[in-house]
Amino acid sequence: VDGDLMNGSDSSPTRGDVPSKSLLLAVWAACIGGTFQYGYNISIINAPTTAIQKFINQTWTERYNTDISKQVLTLFWSTIVSIFTIGGLVGSSVGGTLAIRYGRKGTLLINNIFALLAAVLMGTSYPTGLFELLIAGRFLTGVNAGIALCVQPLYLGEIAPRALRGAMAMGTSIFITGGILTGQVIGLDELLGRDDYWPILLSTTCIPAVLQLLILPWFPESPRFLLIDRGDDQACNQALKQLHGVDKYSQEREDIERERLSAMGVKPKKPWELFGDRSLRWQLITVILLGVFQQLNGINAIYFYADYVFSQAGIPEDKIPYVTVGTGACECLTALTCGLLIESLGRRVLIMGGYSLMAVWCICFTLTLTFQNASPWVPYLSMVCVFAFILSFGLGPGGVTNILTTELFIQSARPAAYMISGSVNWLSFFFIGMAFPFIVNGLQQYCFLVFLTVCVLVATYIFFIVPETKNKTFLEIHAEFQSRELKKKLGKDDAHGAVAPLITTI
């Protein structure tokens, strides 16, 4: 590709601007039925734990005239909770393929079928006396979440203008945390958290799906998909005008055209083809490592210890759910803050800073848990560590990780990259869910020293390997990785050239 096309006519944005109303509404429409569902379905399953277990026991007794054993009940409940992860893995495995075939917007709309079916199955499990429907429903919510986490960030990254790409892509994290917070609030006893209401609570997953089906069709498909994948120039221009305005769409059109020229004759890559492409080696390693470490950085341990810390601080047991809502609000607030800062500070500063702060809080939390009974004020320090860790996670890793998957790959490789990163993320989620109780039981509070090591390693890797992507086109970011590979190759050639004369002389 010609140098002018690779570099673009101007690497700085011509609009420092505020996104158009149409763009903001398109982001909202994509997210409400996308990653909001993921956060919401993770959260709402916690409130009705006891009620669902009673329902399983009651149903078992009616069927077999005997009480269910504790082990079998635990197995059924664990299956209901963990099958969500298996569904997510399935969803992420097919999400990229669906996005290529049906488009980004089309796939998001189709994805609502899984949410609606799940709502029907879970809502009718109680009246039909079939707790197996809960397992099927949770699996479908997982499929819905897996596809959403794969396709929605793809859509947001492709409809956003270069100057606002990071801020718009933060919609993914903002709506995940918003979904978690909403689920925590809806699950309070004053709303749908009472034992009698759990079928209604679980079936409310249909509401975001219906909202998306009503609103998203009014907004366009990804302009990049329309031009580069479909070759529809007119539809691309119409989409850009609707999203950015008639007077502001031209630079985005130029950026997409450059990417189209560079991708001429190149078909969308399959996931396994990415592993054989040396030009994508470091990008692929980066998204895989970030996906794994996002689950292994200690955020799950913080939530695991939160209730213990709150009770040790003297908070009554019946009030702990309200404090837990505070942790959800805290994470939501930091996602919003990250969205405001990401275009000024950049991706590297936020993600390295987030992991570095998390490493500091891992040390502090280990100390406060170790000396929890040394003084009455130590449990309050532990509470500070809980909120500080959540803030640090939301400010960096929680917000920036998904954006990098969009920015590190060009159009032909991006869907496959999301399939790989999504699959890695869900597998890591499943692994931490299975191994975490053993890690905590074995190491107790010292498990945070493991998470400290993880946080330090990720921050170091980002510092040395990942370039800043703020305000760069996808082609410029790709060229930066290619130039690094070229320098390494030239360095090896120079070393070989220096050794050759020496061998000849000898």
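Yeah, the Cβs are placed from backbone N, Cα and C, and that goes for glycine too.
Lifted from TrEMBL, the feature list:
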{"type": "DOMAIN", "residues": "27-470", "note": "domain 'Major facilitator superfamily (MFS) profile'"}
{"type": "TRANSMEM", "residues": "75-100", "note": "transmembrane segment"}
{"type": "TRANSMEM", "residues": "107-127", "note": "transmembrane segment"}
{"type": "TRANSMEM", "residues": "133-155", "note": "transmembrane segment"}
{"type": "TRANSMEM", "residues": "167-186", "note": "transmembrane segment"}
{"type": "TRANSMEM", "residues": "198-219", "note": "transmembrane segment"}
{"type": "TRANSMEM", "residues": "284-305", "note": "transmembrane segment"}
{"type": "TRANSMEM", "residues": "320-342", "note": "transmembrane segment"}
{"type": "TRANSMEM", "residues": "349-371", "note": "transmembrane segment"}
{"type": "TRANSMEM", "residues": "377-404", "note": "transmembrane segment"}
{"type": "TRANSMEM", "residues": "416-440", "note": "transmembrane segment"}
{"type": "TRANSMEM", "residues": "446-466", "note": "transmembrane segment"}
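Across all of the domain 'Major facilitator superfamily (MFS) profile' (27-470), the predicted model scores a mean pLDDT of 88.
Within its own chain, the transmembrane segment (416-440) is flanked in space by residues 82, 85-86, 88-89, 91-97, 99, 146, 149-151, 153-154, 268-271, 273-274, 280, 283-284, 287-288, 290-292, 294-296, 300-301, 304, 405, 408-409, 447, 450, which lie at least six positions past its ends and keep a Cβ under 8 Å from the stretch.
By number of Cβ pairs under 8 Å, the transmembrane segment (198-219) is matched best by 107-127 from the list 107-127, 284-305, 320-342, 446-466.
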